[in-house]
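Annotated transmembrane segment per TrEMBL: 47-71, 83-103, 164-182, 212-233, 245-263, 476-495, 507-525, 537-557, in sequence order.
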Amino acid sequence: MVGNQIGHVVMSMTGLSLIALGTGGIKPCVAAFGGDQFEEEHVQERSTFFSVFYLSINAGSLLSTFITPLLRGDVKCFGRDCFALAFGVPAILMVIALVVFIAGNRLYKKTPPQGNILLEVYKCISFAVTNRIKNRSPEIPKRKHWLDWASEKYSNQLITEVKMVTRVLFLFIPLPMFWALFDQQGSRWTLQAIKMNGDFGGFVLQPDQMQFLNPLLILVLVPVFDLGFYPLINLCKLNFTPIKKMATGMILAGLAFAVAAVVELKVEENAMPDLISKESHIQVLNLADSNIEVAVLHNDLFQLSIEPFQDPDDYSKIILTGARQSLPFRIQYQGSSFTFNRTVQEKLLYSLIIYKAAGNITSSLIKDMGGKPSEGMAAIRFINTLAQDVNITLGKEEFVKSYSASDYRIVERGRYNNVKCQTGGEEYILHLGLLDFGAAYTVVITRNNSENLLEARKIEDIPANNIHMAWQIPQYILISAGEVMFSITGLSFSYSQAPVNMKSVLQAGWLLTVAFGNLIVLIIAQAAPLKQWAEFVLFAALLFVVCIIFSIMGYFYHSINPEELIDEDSKQDTPSNKNMIGLVEKNTKQ
């Protein structure tokens, strides 16, 4: 690990800034550059290019989402996950890709740059708005379009091109909502996968690897749509316009989140109890050699007899009178009664341990984990019921004093059948079995008197994730199908509706919808903190509403041929000075 925490933050922000700078330069230009390689009469070939282009993007995404977690988790650097390798390998591959791209430089069709077109668009719009504000007199004739107020300074061709761009950008206003849902695959859906079981019959899938489904499905669905579904639609003589394709993609994404909400409800059935003020949760572990009965005086809890080493079904909730309270417990053991007090705090989970020490019944109250282990890991602690201290080797050595409990340790999910345990100068092998996704275990170390061997009795404090990750597959299929219909169509539509010298401008506008989509997620998550399933429902509902708005806007939008519109508009005369009152002096650019 290099540097301190401040250094890490600075380096992380620097890296993210460089990525943003590079992405901002590459993404708006690369799709437009690819489209420029085709002549105007090759419309179908250009459409196919955008599909292949999107396939290439997702092929890279498939490799990164599947291989990068392996490089991070399966290789250890400095005793922890190897992020250096996970970031280093893509960096090297990016350098190789740059070399290959530059090597083909002579084969590309390149349009000479014509200045900063984005700045020209901004200046034209600013001038039109300013000029209109300055000339609000009712004596001044109205103009057909608000951008016509830039005609005193800018050419008719530039104004016409800006009109086309603004028409499409206006249509893009509802689109960020789609990306607000789509980009949660790497955040909310991954967090959902953390709470699920990733064992696929011998192959264990990490939660962040589940994202590989999206690019994999894209690689499958793009040919299916281009070679099967769309031609079938055309055979049925249905007018499936780009606007309709994008609206359908939005509907599919909304359905994906509706399915995700149902899955989340099933996942939450296995969640830990909510910890609120003036409440505590307690379970009883009977480590004695006979049944016991436990009661909290003046409270109807633990009514049934508890067998030795019985795995508690669930925690029992206790209502407290304040943030802390001393509770009187009474134990019935082999006809004898024992009473003792234990202090508990609100919002905590406890285990009440009942065991025999030196022939007498005694007890201790220990704190439990308040929630599931993070990142789909497992947690384990040891309770030593022996009169001697023990050393347990589970990755690293764990020292547990006699008649005491260790802290929880987070371990990777897996089978642990050869755990070394040393006590009294002797070494034993403990068979712990499977430590499953999201579970927390208490392992009781006891001695089998008949065979004079140590035994490990495993008790599940927090149940393992019992909903399989495969239940996420339908939501991934729906959102991937929605992406094919929405994103590829949007890229092609943006290119087709832009003038020749403004292809990158409109591509940048398309990509800007992605940025605003991520901003929407942040705003909604902060403004309306909800349960995860309710948040999924909210996003789905918002997207359905936005889809209706977009469909209405699309109904009134008429696709254009930029070249024809420019030729037609260039024939029209610009307003002359003799019809203006107090306008800015005309200075038309050549």
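Please read every residue number as a count from 1 along the shown chain.
From the backbone N, Cα and C atoms, a Cβ is placed for every residue, glycine too.
TrEMBL does not curate its annotations; it predicts them automatically.
The transmembrane segment (212-233) makes no contact with the transmembrane segment (83-103), as judged by fewer than three Cβ pairs under 8 Å among residues 6 or more apart in sequence. For the transmembrane segment (537-557), the residues of the chain that approach it from at least six positions outside its boundaries are 167, 170-171, 173-175, 177-178, 180-181, 184, 241, 243-244, 246-247, 250-251, 253-255, 257-258, 261, 524, 528, 530, judged by C-beta separation under 8 angstroms. Remark: the transmembrane segment (83-103) contacts the transmembrane segment (47-71), by the rule of 3 or more CB pairs under 8 A.
Most Cβ pairs under 8 A with the transmembrane segment (245-263) among the ranges 47-71, 164-182, 507-525 are made by 164-182. Long-range contacts of the transmembrane segment (47-71) within the same chain, counting only residues at least 6 positions beyond its ends with a Cβ under 8 Å from a Cβ of the stretch, are 31, 34-35, 37-38, 82, 85-86, 89-90, 206, 208-209, 211-212, 214-216, 218-219, 222, 226, 484, 487-488, 491-492, 495.
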